[in-house]
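Report on one structure; see the data block that follows.
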Amino acid sequence: MGTVVDAAKKEANGSSLTEKKVTVVFVLGGPGSGKGTQCANIVQHFGYTHLSAGDLLRAEIKSGSENGTMIQNMIKEGKIVPSEVTIKLLQRAMQENSNDKFLIDGFPRNEENRAAFESVTGIEPEFVLFFDCSEEEMVRRILNRNQGREDDNIETIRKRFKVYMESSLPVIEYYKSKGKVHRINAEKSIEEVFEAVKAVFTPSIEKVAA
């Protein structure tokens with residue numbers, strides 16, 4: 001695993017985050033894959049802290065800080081918020097939290113996010129939880145959620161799915177090559193999906209205890 005991570009840690013100038021040994025799990029899955037529900041279950045059962053990249057950006061905008069105004073303007077102009085901005089928010093949230101186990105949801109969205117996260121924080125995820133859900137099932141779920149807005153929504157949903165898959169696939173492939181991806185069939189019931197999730201988390205807890 002070695003040198004790249006070590007170099008990145010040195011680069012971080014011994015920030016409190018590198019001194020604090022944290023466990024990070026990336027949670028990936030398209031819109032409607034049920035990530036949010038499962039993250040809440042993981043928090044409850046396994047004591048992780050759930051960090052949503054989107055929520056952190058929204059909270060920063062609400063805070064009215066200079067950073068928040070910059071983020072808001074970028075979103076208004078349809079620009080993508082730079083990786084470093086989101087990573088800094090994630091880093092700060094991890095530093096300020098007394099927990100040392102984090103679920104990072106909705107990030108990295110693409111390969112550039114991923115590379116920047118590892119070089120800025122010096123942290124490699126323990127593993128990646130990928131909620132795999134077909135386009136058809138996802139469309140059905142989102143339409144059920146947004147009842148009554150079907151016609152103008154179906155195309156938008158399909159576009160969101162396409163963008164999601166195209167940008168996230170390289171991230172999933174990268175971690176797959178390192179043996180770090182746990183693919184969860186997200187089309188089953190909430191209970192069945194959580195059974196599969198539990199099976200992923202339990203061995204890692206036992207290994208730590210051993």
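Just so it is clear, glycine is given a Cβ too, placed from its N, Cα and C backbone atoms.
All TrEMBL annotations are machine predictions without curation.
What TrEMBL records for this protein:
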type    : residues                                               : note
BINDING : G32, S33, G34, K35, G36, T37, R145, K188               : ATP binding site
BINDING : R58, K79, I80, V81, G106, F107, P108, R109, R149, R160 : ribonucleoside 5'-phosphate binding site
BINDING : N113                                                   : CMP binding site
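What TrEMBL annotates, mapped onto the structure for a quick look.
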residue: G32; record: ATP binding site; Cβ contacts under 8 Å, 6 or more apart: C133, E137, M138, V139, R141, I142, R145, I157
residue: G34; record: ATP binding site; Cβ contacts under 8 Å, 6 or more apart: F131, C133, R141, A186, I190, V193
residue: K35; record: ATP binding site; Cβ contacts under 8 Å, 6 or more apart: V27, L28, G29, D105, G106, F131
residue: G36; record: ATP binding site; Cβ contacts under 8 Å, 6 or more apart: D105
residue: I80; record: ribonucleoside 5'-phosphate binding site; Cβ contacts under 8 Å, 6 or more apart: M74
residue: P108; record: ribonucleoside 5'-phosphate binding site; Cβ contacts under 8 Å, 6 or more apart: F26, S83, R114, A116, F117, V171
residue: N113; record: CMP binding site; Cβ contacts under 8 Å, 6 or more apart: S83, T86, I87, F107, V171
residue: K188; record: ATP binding site; Cβ contacts under 8 Å, 6 or more apart: A196
Does S33 (ATP binding site) have same-chain partners at least 6 apart in sequence with Cβ under 8 Å from its own Cβ, and which are they?
F131, D132, C133, M138, A186
At a 10 Å cut-off from the C-beta of G106 (ribonucleoside 5'-phosphate binding site), count the other C-beta atoms across all protein chains.
21
Using Cα coordinates, what distance in whole Å links T37 (ATP binding site) and R58 (ribonucleoside 5'-phosphate binding site)?
20
Among R58, R145, the one of these binding-site residues whose Cβ has the fewest neighbouring Cβ atoms within 10 Å:
R145
Give the maximum pairwise CA distance in Å, whole number, for the residues G32, S33, G34, K35, G36, T37, R145, K188 listed as binding ATP.
17
Cβ neighbour count (within 10 Å, all chains shown) around T37 (ATP binding site):
13
